[in-house]
Amino acid sequence: VSPGCRGAEGRLAYKLLHDLFANYSSALRPVEDTDRALNVTLQVTLSQIIDMDERNQVLTSYLWVRQTWLDAHLTWDKDGYGGIDSIRIPSSYVWRPDIILYNNADEHFGGSMETNVVLRSDGHIMWDSPAITKSSCKVDVSYFPFDGQRCRLTFGSWTYNGNQIDLRNQLDTGDLTDFVENVEWEVLGMPATRNVITYGCCSEPYPDVTYTLLLRRRASFYIFNLLLPCIMVSFLAPLGFYLPADSGEKVSLGVTVLLALTVFQLLVAESMPPSESVPLIGKYYIATMTMITASTALTIFIMNVHHCGPGARPVPPWARRLILHHMARLCCVYEVGESCKSPQRALGGQAGVGDAGGPGESPREGQVGTEAGGCPWDHCLCHHDALLRNVGYIAGCFRRHRANQRRTGEWKKVAKVMDRFFMWVFFLMVFLMSVLVLGNAA
């Protein structure tokens, strides 16, 4: 009995399909009164976010679009057809509303898939169709990589106005129950709103349903690959002030750090849209590069101060009081070489012995020599004057050399104090910039 019943049901379904579409046309709007609007209900399910192209500002998503409406010409008495309440037929057989995505950004403009529709005995039609859509989305990258985006999906009829099709949303939000999690974007919500707009081309109102996709970027990838390397390189830059001036690597370190940050800046610029809004991480890169450029310029200036030759002028009194006393004590910088014994004090002691013993001991040495050798005093006067002149010349040269050495040492200490001072200043600047970036991101 069971196979026979199924065969009878199949024949009834075939008869039902033939009776329904004997005098049916899918070209006309299926209403009994042409002056009344046809109610079409729309519901969108977000299945997957395929791609977000920030540079071209295009969102590619996978949607399930459900449309329901009432076809007044496709009703039947289910008791007259063996209790058949619904049939599934190709969507091309029936009239379909021309609901499209207004902000479509696909170069090949295509609609939904040609799937079957569910036709019920009371004339209600439900059409579920999957669609991969590319929609234009205004991307705001001001807080990249800690940004959030609001992408709109606007659906509406292309030719039917509000007096012919009344488009409404079934729910106040898009369906996210079957959403596949995205590795880059987190979906916070998908509220739906109905809008009625009168365009400049036409006087009739056109209703549409707009789904606003609220997205938040997962920033872990960008933190570990773009932000943390920049912070570490930024903290490395002030250490150029700690390098000894005689090493010859102070300027090289600053230039190398500047080149590394330039590479990171280019990586960020390649993925961002060419807009006036600069990303947060881009601002951090620019500020850091400006700071490193300033530190390199200061390093060149300080190296020039360090390598002042013997012909340099003495350190001005204000610089000696401000830099060699107050700033040196603040930065814990001692004498050049940072030894327990001051080199200048040791040089002064040696110079004092030389000054005291040089010209003063010559007569005694002459006298001792006279006494030991028996040379008469009147025969040694000419040798004594020449010896005094030579010793005076040597003592003057030593005094000038010691003054030059003291002056050079003071300039070296000035350079060292300035190095330490600017090192701590730039460390503080890097720390404050990093805190500001993270604070703005929060």
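Cβ coordinates are placed from backbone N, Cα and C, and glycine is handled just like the others.
These numbers come from a predicted model, not from an experiment.
Copied from TrEMBL, the annotated features are:
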- 14-218: domain 'Neurotransmitter-gated ion-channel ligand-binding' (DOMAIN)
- 221-244: transmembrane segment (TRANSMEM)
- 226-436: domain 'Neurotransmitter-gated ion-channel transmembrane' (DOMAIN)
- 251-272: transmembrane segment (TRANSMEM)
- 284-303: transmembrane segment (TRANSMEM)
- 421-441: transmembrane segment (TRANSMEM)
Two-stretch contact, the transmembrane segment (421-441) and the transmembrane segment (251-272), at least three Cβ pairs under 8 Å
no
Same-chain residue ranges lying at least 6 outside the transmembrane segment (251-272) that approach it to Cβ under 8 Å
54-55, 141, 144, 226, 229-230, 233-234, 236-237, 239-240, 243, 279, 281-282, 285-286, 288-289, 292-293, 295-296, 299-300, 303
Positions whose Cβ lies under 8 angstroms from the transmembrane segment (284-303), at least six residues beyond its ends
227, 230, 233-234, 237-238, 240-241, 245, 250-251, 254-255, 257-258, 261-262, 264-265, 268, 278, 415, 418-419, 422, 426, 429-430, 433-434, 437
Looking at the domain 'Neurotransmitter-gated ion-channel ligand-binding' (14-218) alone, can you tell me the average pLDDT?
89
